[in-house]
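Undergrad: The following block contains the structure, expressed as structure tokens.
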There are 2 protein chains.
Amino acid sequence: MMRYKLTIAYDGTKFYGFQIQPKDRTVQGELEKSLKIMTKGIDVRVHGSGRTDSGVHALGQVIHYDYPGELSEKAMFKAMNTLLPKDLVVQKVEVADSYFHSRFSAKEKIYIYRLYNGEVRNPFTRTYASWHPYPLDIDRLREALTYIEGRHDFTSFASIKDPIENKIRTIYEARVDYDSEKQEFVFLFRGNGFLYNMIRILMGTLIEIGDRRKEPEEMQRLLKLKDRKQAGPTASPLGLYLKNVIYD
Amino acid sequence: MMRYKLTIAYDGTKFYGFQIQPKDRTVQGELEKSLKIMTKGIDVRVHGSGRTDSGVHALGQVIHYDYPGELSEKAMFKAMNTLLPKDLVVQKVEVADSYFHSRFSAKEKIYIYRLYNGEVRNPFTRTYASWHPYPLDIDRLREALTYIEGRHDFTSFASIKDPIENKIRTIYEARVDYDSEKQEFVFLFRGNGFLYNMIRILMGTLIEIGDRRKEPEEMQRLLKLKDRKQAGPTASPLGLYLKNVIYD
């Protein structure tokens, strides 16, 4: 029995999220299916650094599992990439010690959010970026993002379905750049953890600030209010990417 | 009756090419279907600047048609984009004079070819770039591309199914850049016209030159030979994009 840590990437378009479901196609489901073929029928439970919703992509998700056998990192890499479907790939395999846990050992996570801002819809990014066809003011977005950075209670930006009691998280970095060639705003969020739907609710609020429906300072007020109903809508999952999970 | 010139973009992944087919989903088929809804049943024939194969994408294809009615450019733009499927978009509508022909009036075309060169397959570019996981020497590629530029008989690089007799074309520009972040080579070809499969056969040959199976000078010899069988294989359509069609 050996513990493996894998870095994986997936195009979330055709997955019903990360977490295994009885009927729908999920990332965890596909990983466990491939492992079961490798073990000739023994079930292997896969643990992820966190769930991603239906439609959310991953550039560097981290998972771990205990495998009943001792394969080299190279052999595990090759076997998994041979068995996995084309929209899910293993980028790196490492043998981990038994204390390693993809979720509990994680120190930081980085997400990015792609927001296409062109006037005409883009057939190439329809599932890879969300679309807002109205002008957005980058200075207003940047001001709002400064209020997110730091240690805050993010109750206003968590799904009311999130059962976690402690809603305090630290955001080390929250920034946005504009790619003029692609007509896209690319947001980056780096923090010690994120609540359920937190980035999508932050994005829904940021879009309202960027197009002048709300003031940038509203972000400060919302953090104090601790009321999900006061924040903006939950933005589309299609622009969201889990970019990296960072361990010690 | 008015003639309209449209600039369109499409994700070629789910189209069986541009040209209308009795059963399969094509770009021309979808355009004509939308127009027939607008005319309440009158068939409108769509003419493209050229066909694109199954899987080939377009960033700026140009089409024209004679429409039995007089819609403003804005109204035509809006109606078409409402009716067309999500992987096909109208970027621009212009009323054209009756001498304009999307194919015969075209002076230049620009194609790009995206070649992903990472060692691990990329779930995000599986239908948007072709994949060659072995080292490619950019200096060798660039030397080979210099031999393509100019006025040449491209018989060696045309499908034997191409019925066109005159196989002389002028390539004004043939270059390649490497995008290190994406691990992609991006080729650009600008010319007064291209034969059937010409870029894909050039690409199949360039890949053999880039990874040292053939010498760059082979490109010169192949142009002189005028024999399709001597050139490289026809590369995948998935990396090919019709970028622009240029008119006077």
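These residue numbers are counts, starting from 1, taken along the chain as shown.
Cβ coordinates come from backbone N, Cα and C, glycine included.
Residues or ranges marked as active site, nucleophile in TrEMBL: B:ASP53. The annotation substrate binding site is assigned in TrEMBL to B:TYR111. Annotation comment: TrEMBL describes B:8-104, B:146-248 as domain 'Pseudouridine synthase I TruA alpha/beta'.
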Undergrad: Look up B:ASP53 (active site, nucleophile) in the DSSP assignment and reduce it to helix, strand or coil.
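TA: SS state of B:ASP53 (active site, nucleophile) = coil.
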Undergrad: As a quick check of your reading of DSSP, tell me how many residues in the domain 'Pseudouridine synthase I TruA alpha/beta' (B:146-248) are helical, how many are strand and how many are coil.
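TA: Summed over the domain 'Pseudouridine synthase I TruA alpha/beta' (B:146-248), the classes give 33 helix, 31 strand, 39 coil.
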Undergrad: Any idea what the Cα distance is from the residue listed as 'active site, nucleophile' over to the residue listed as 'substrate binding site', rounded to a whole Å?
TA: 13
Undergrad: Find the average pLDDT over the domain 'Pseudouridine synthase I TruA alpha/beta' (B:8-104) in the predicted model and report it.
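TA: Summing pLDDT over the domain 'Pseudouridine synthase I TruA alpha/beta' (B:8-104) and dividing by its length gives 97.
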Undergrad: Specify the secondary structure state of the residue listed as 'substrate binding site' as given by DSSP, simplified to three classes.
TA: strand
Undergrad: Show which residues of the chain containing the residue listed as 'substrate binding site', separated from it by at least 6 in sequence, have their CB under 8 Å from its CB.
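TA: Same-chain residues close to the residue listed as 'substrate binding site' (Cβ under 8 Å, separated by 6 or more) are B:LEU188, B:PHE189, B:ARG190, B:PHE194, B:ILE199, B:LEU240, B:TYR241, B:LEU242, B:LYS243.
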Undergrad: Looking only at Cβ atoms, how many others are within 10 Å of the one on B:ASP53 (active site, nucleophile)?
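TA: Looking across every protein chain shown, the total is 17.
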